[in-house]
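Novice: Supplied in structure tokens, the structure appears directly below.
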Amino acid sequence: MRSSCVLLAALLALVAYYVYIPLPSAVSDPWKLMLLDATFRGAQQVSNLIHSLGLSHHLITLNFIIISFGKKSARSSPRVKVTDTDFDGVEVRVFEGPPKPDEPLRRSVVYIHGGGWALASAKISYYDQLCTAMAEELNAVIVSIEYRLVPQVYFPEQIHDVIRATKYFLQPEVLDKYKVDPGRVGVSGDSAGGNLAAALGQQFTYVESLKNKLKLQALIYPVLQALDFNTPSYQQSMNTPILPRHVMVRYWVDYFKGNYDFVEAMIVNNHTSLDVERAAALRARLDWTSLLPSSIKKNYKPVLQTIGDARIVKEIPQLLDAAASPLIAEQEVLQALPKTYILTCEHDVLRDDGIMYAKRLESAGVNVTLDHFEDGFHGCMIFTSWPTNFSVGIRTRDSYFKWLDQNL
């Protein structure tokens, strides 16, 4: 009996050691976040082990784990019709909310899920629940795009998928089929989905027939640039779950089918050092010393290497492509974008990407709402139901829905 108690105590101590990580005191539901992070870290470690044994790509394994625990079939409710179909060969899940009695045509949101361009699905419970609630509360049609993921495809194929599906949906006969008002269609996404939504919005500005098709864009803690991994938020939250800095950099490398040997050099900005001429012209477009307010900059210092590794952008030129990093787009492109909502979280490496994009859009004359949550962390908006229900998740979702309701 005594030996069993000792063994149990030892096991509990090991579990506590694995689960516990220091977190900012202001973050929402810290112990719940630790448990969520430990679960995700465990899945990542299993996936990396399987990868190292040569059995499967780590992202395929990790996504299999994620989807196995949460995939939902298309199931309608009394107020929301849910169907799986495809738009021009791209899988989508469509959520049809009830029309308002005085409005025969409904508004619509094209939604793009997050997951580092490699994980998750429009069909997992988190996004199914989000889009169902959005369709019901906004009396809207939500088109959630099931774009192809890394390592099945790499940049820019994810962008091509969301553009193809959205262009198909915007055809008059398709909008008519779903009883959607063509003047009330927006695009939205979270994290990597926010990146794709921003890229889609910018790509539409190049095509005259698509230029004014979107009424708004709503970007939820979007990832918007791959040039500077030492913004104040990257420095402040480098080890904060559920998106530590090294994980975000690896997602970028995976997206571009790059070499993992470059990750450590990229973390210290060796890929955009002063001797990398191609990066020089773009650096001013994300100069956080001028784009961020002093309350965000605090005492953080820019990390700009004099001599870096020019091989990185030579082998991964996509790092400097505005289609991948919407924050570095030219002013003329930004000027043509619609009304924008950007949600950012204090405890998120991507916080400053969103704040800088809001500033650049404002400077270009775009109507922007920046919605910042001091106790938020990356990914929080989809965590609204037990056992991963966070108070900040519910508040961010409600704030997002409210803005859409008032502006779409």
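Keep in mind that glycine also has a Cβ here, set from the backbone N, Cα and C atoms.
Sharing the feature lines straight out of Swiss-Prot:
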type: TOPO_DOM; residues: 1-4; note: topological domain 'Cytoplasmic'
type: TOPO_DOM; residues: 26-408; note: topological domain 'Lumenal'
type: ACT_SITE; residues: Ser191; note: active site
type: CARBOHYD; residues: Asn270; note: N-linked glycosylation site
type: ACT_SITE; residues: Asp348; note: active site
type: CARBOHYD; residues: Asn367; note: N-linked glycosylation site
type: ACT_SITE; residues: His378; note: active site
type: CARBOHYD; residues: Asn389; note: N-linked glycosylation site
Novice: List the recorded positions among Asn270, Asn367, His378, Asn389 whose C-alpha is within 10 Å of the C-alpha of Asp348 (active site), in sequence order, or say none.
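Specialist: Close recorded positions: His378.
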Novice: Around Asn270 (N-linked glycosylation site), how many other C-beta atoms are within 10 angstroms of its C-beta?
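Specialist: Other Cβ atoms within 10 Å of Asn270 (N-linked glycosylation site): 20.
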Novice: Counting only residues 6+ away in sequence within the same chain, which have a CB under 8 Å from the CB of His378 (active site)?
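Specialist: Within the chain, His378 (active site) has Cβ neighbours under 8 Å at Ser191, Tyr221, Thr240, Pro241, Ile242, Leu243, Cys345, His347, Asp348, Val349, Leu350.
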Novice: Please state whether DSSP places Asn367 (N-linked glycosylation site) in a helix, a strand or coil.
Specialist: coil
Novice: Under 8 Å between C-beta atoms and at least six apart in sequence, can you list the same-chain neighbours of Asn389 (N-linked glycosylation site), or say none if there are none?
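Specialist: Sequence-distant Cβ neighbours: Phe383.
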Novice: Tell me the Cβ contacts of Asn367 (N-linked glycosylation site) under 8 Å, same chain only and six or more apart in sequence, or just say none.
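Specialist: When sequence neighbours closer than 6 are ignored, Asn367 (N-linked glycosylation site) has Lys339, Thr340 within Cβ distance under 8 Å.
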Novice: Determine the Cβ neighbour count for Ser191 (active site): the number of other Cβ atoms within 10 Å of its Cβ.
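Specialist: Around the Cβ of Ser191 (active site), 29 other Cβ atoms lie within 10 Å.
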Novice: Within 10 Å of the Cβ of Asp348 (active site), how many other Cβ atoms are there?
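Specialist: So the Cβ neighbour count for Asp348 (active site) comes to 26.
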